[in-house]
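To keep things clear, I will list the structure first and then write my remarks on it.
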Amino acid sequence: MNEARARIIINLRLSMDSLMRVFSHRSPPPSFGFACDVGAHPSSTAQNLPMTYGSVREMIDDFSIVFGVPKYRTSKPKKVTRKFSFTRLLQPIDNLVTCPACSNIHPSDTICDACYAKVHQLTSEIKKKMMQYNPYVGEKQDKEVYVKFRGEPDAPAAVVKGKRVLEIEKERPTWFKKLTLKE
């Protein structure tokens, strides 16, 4: 019964709105809201029941927020104008520096691409050697690693103690930091 009364009030409100639109030639006025008690007390059963609609129009009016999408597609030229408008001018990059090692230009807050490629190649080589020993462990190895390049003297036993020695068949690059050989 409460739902029937609520439905009647909603239908009455919608018909009043449509009548006001017909008789007024200006913009539509704000919709009327009835302040009345639909039930004696708020019933929990009315809230649990699924909403039933008398027509498709009532359903559309109730869910009008769902249809808040653009009516027409934005054309391709309009999108391109937004993207490449004259207001979007090119900005100069002012944080470029020259790499002291290889003379390449790069942003001041990053490492040079050419230098990074050299470091990446050497570390990849070291990782491959580590994985040849025990490929099932993955990145986390069971022992620490001491890297020995060709032409280097043997490290003291105290430095190598408990570590796996990886021998690389190339000279140590000048930029590759030597580990301290203190006991």
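Any Cβ shown, glycine's included, is placed from N, Cα and C.
Lifted from Swiss-Prot, the feature list:
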- Cys99, Cys102, Cys112, Cys115: Zn(2+) binding site (BINDING)
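Sequence features, as recorded in Swiss-Prot, placed on the structure.
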residue : record              : Cβ neighbours (10 Å)
Cys99   : Zn(2+) binding site : 14
Cys102  : Zn(2+) binding site : 13
Cys112  : Zn(2+) binding site : 19
Cys115  : Zn(2+) binding site : 16
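Shown in sequence order, Pro100, Ala101, Ser103, Asn104, His106, Ile111, Asp113, Ala114, Tyr116 are the same-chain residues outside Cys99, Cys102, Cys112, Cys115 whose Cβ sits within 8 Å of the Cβ centre of the Zn(2+) site.
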